[in-house]
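K.L.:
Let me begin by handing over the structure; questions about it come next.
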Amino acid sequence: MRFSVFTAAIAAAFSACCATASPAVNYVNSLILQRADPHIVKHTDGWYYFTATVPEYDRIVLRRAQTIQGLQSAPETVIWRRKAFGVGSGQVWAPELHYIDGRWYIYVALGVSGQWRIRAFVLEGVGANPLTASWTEKGIIQTNWDTFSLDATTFVANGTRYLVWAQQDPSRNGENSSLFIAPLQNPWTIRGPAVAISHPDLSWERIGYKVNEGPAVIQRNGRIFLTYSASATDHNYCMGLLTARADANLMNPASWVKSQQPIFVSNAATNQWGPGHNQFTVSEDGLSDILVYHDRGYRDINGDPLNDPNRRTRVQKLYWRDDGTPDFGIPVPDGPTPVRLRVAANGASSNGAYVRFYTTTGSGNLTGTAALPDTQFKLVSPGLSGGDSVSLESTSNPGTYVRRVSGSTAVQFERGTALNTAALRASASFRRVPGLSDSGGAVSFESVESPGQYLRLDPNGRLSVASVAEGTQGRSTFYLE
């Protein structure tokens, strides 16, 4: 099938005001199979540490590696196992690893065998490496009520360390969990009564179960962004967002503004279902924020989703909008993480522009701002022509590739199934070479079909494949973000 597209358009100009560009990241999804509720932290020793829920719900595991991708094959160490009776003899859910004042702490939800009695619990580890540390139990976190509680996380704002967690609010009949916050006296004891900052009161938070859970915090641009997950743990599972000013009174529920729509949901096109229970980490170079989450690679589940073992850990780059807010985009397809291609050239039609997927017929209307997924592409290597070629596959429309129209400089998007001859595959294949205007930090894409011609932005702001005139190399040069 050929899309009704004559050109690939360019997204609206990128503003350097608040959204800072950072290099592309290179990971392969899924990162770790059968590991839900993932938590990855980069410690000051340069190592990445990983923990997550295992399908048996019977132990706490840790991994470490010097890269995020390295966690995939890193050996796993069991640092705590389910007990025979009492607290910790039931479910073992959603551990998180934190380093506080020279010691390691794991926040985890523990149950009691034969009872639906799940509470947030803390372990303390002494030692430089948490995989070999000496671990002791600090006990259940005592809150306002002795009710179902889980998913504790911690962060520091304005010199105060806070705990945020999910708990059943006894004043709200029929709801499973709300989000609460309190300052910490020490890593296992809250100070003063907690306050609720979010209840599952929106329709998308109440599908299957009425849930707000899995809080995670990232602080940027003078604001505190708190993500959480909602609804049942099947394909309806999704993520919401609370936002507060960094200088706000975080114990005042009015300081937290809830987004009225979910910010990260299932995507049929990319075949990613039930994304959620996220955390944040940073790339190896420290320049990009990384979204860590779980989902499944299929929609339909037989029986209770909690009995399905195939939630898996995934990672992708978190982008930032001009206004300083996070743009989560969509759960990207399996395989290499996609990139954005920012044009290097200066000028009104090109400065800071991104290549985008475009479906409107005509010559390429450049008005409006492209959705993030439409500006993301997987650099498929080897490309459709094989060898050292690469092909640019759309993230928002997987299986669709950038190709040169035969006998023309124009570019269109074509389904890979229609590229069924060597010549057609060559029209959608390029050789990645050092950037023509910046060979140190950028790339250019030379046509396999027409060597010496390059993917480029023409003077009208349209993407084309053509020869490059002296002084216009920047229009054929792209920064990968």
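Using the three backbone atoms N, Cα and C, a Cβ is placed for every residue, glycine included.
Small disclaimer: the values here were computed from a predicted structure and weren't measured.
Straight out of Swiss-Prot:
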SIGNAL    1-19  signal peptide
CARBOHYD  Asn158  N-linked glycosylation site
CARBOHYD  Asn176  N-linked glycosylation site
CARBOHYD  Asn365  N-linked glycosylation site
K.L.:
Just to verify a number: CA distance, Asn158 (N-linked glycosylation site) to Asn176 (N-linked glycosylation site), in angstrom, no decimals.
P.N.:
31
K.L.:
On a count of neighbouring CB atoms within 10 A, which of the glycosylation sites Asn158, Asn176 is highest?
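P.N.:
Answer returned by the neighbour count: Asn176.
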K.L.:
Quick check: in three-state DSSP terms, what is Asn158 (N-linked glycosylation site)?
P.N.:
coil
